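Undergrad: Please find one structure pasted underneath; my questions will follow.
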Amino acid sequence: MESDNDTRISEFLLLGFSGESELQPLIFGLFLSMYLITVFGNLLIILAVSSDSHLHTPMYFFLTNLSFVDICFISTTVPKMLQNIQTGSKVITYPGCITQIYFFLLFAGCDDFLLSMMAYDRFVAICHPLHYTVIMNPWFCVLLVLVAWITSVLNSLLQSLMVLQLSFCAGMEIPHFFCDLNQVIGHACSDRFLNEVVMYFATVLLGVAPLPGILFSYSKIVSSICGISSIQGKYKAFSTCASHLSVVSLFYCTGLGVYLSSAVPQGSHASVVASVMYTVVTPMLNPFIYSLRNRDIKRALKRIIGVPVM
């Protein structure tokens, strides 16, 4: 391309949800509320676990990491969108877009890994209870989390650097409320074949590959629960993993919705809506799912706010 069209542009335009100015205050209030609920709810989970020595177990160690990642995940996209609505601007700088892509991929990858670890933790606890403390020892749990962070950092760094090698035409508009990697690559003016190969390979390897392991873990868990003779024992065993199964289902179903909607022609609006479920609603619901179905978390939260614990 000629240099007039093939330039190192300085900014992108994020089109967001609606061009109707009267809807912007409603969208701003809605997303600000969801953002504050997400941050406050996940901080409460972290505070509850850290303040109660009874919750210093592998399951809650992974849960606190998940809560931290969810706070970072939603903070990657929503504050910039709120700023753009407040200022009436749709602009995001080129470095800002690349940075947003990097952190979005980083925290999405960590989310996926942590959900897999939590499934494995429940599998060991229910299917191999006598070996649980030996297998899920503190060093092994820390090692798992380190592997998740290192792998996610390397993946996000690789894909962000590859985006830097692309050329974009001036005045590029992204029909989204954040710099979605798929959308950004799709609007490149230069050859993007290698970027797409790496992107889909990473999605399959880091996003889809852990799913069979999660499904296998829960199939074994269900089989073990069915073998418990006591009804009370079945309920207790099921209650320990029902919250996590709900979060896994929400995460993967909304994530699948994002990719299915992005593959549909003229489906940019559907892709944006699916992305809201994936990037905003899921992190917001996680604290409610875990606190409402978990007696230990509810007990710790009551201690924090000063409510007598029965």
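In case you wondered, yes, glycine gets a Cβ from its N, Cα and C as well.
Pulled the feature table from TrEMBL, pasting it below:
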DOMAIN    41-290  domain 'G-protein coupled receptors family 1 profile'
TRANSMEM  26-47  transmembrane segment
TRANSMEM  59-78  transmembrane segment
TRANSMEM  98-120  transmembrane segment
TRANSMEM  132-154  transmembrane segment
TRANSMEM  197-216  transmembrane segment
TRANSMEM  237-260  transmembrane segment
TRANSMEM  272-292  transmembrane segment
Undergrad: Same chain only, please: residues at least 6 beyond the ends of the transmembrane segment (98-120) with a C-beta under 8 Å from a C-beta of the stretch. Say none if there are none.
TA: 59, 62-63, 65-66, 69-70, 72-73, 76-77, 80, 92, 141, 144-145, 147-149, 151-153, 155-157, 159-160, 163-164, 178-181, 184, 206-207, 210, 213-214, 217-218, 244, 247-248, 251, 279
Undergrad: Mind checking which residues of the chain, 6+ beyond the ends of the transmembrane segment (272-292), have their Cβ under 8 Å from one of its Cβ atoms?
TA: 17, 31, 34-35, 37-38, 41-42, 44-45, 63, 66-67, 70-71, 73-74, 77-78, 104, 175-178, 180, 243, 246-247, 250-251, 254-255, 257-258, 260-261, 298, 301
Undergrad: Mind looking up the mean pLDDT for the domain 'G-protein coupled receptors family 1 profile' (41-290) in the predicted model?
TA: 87
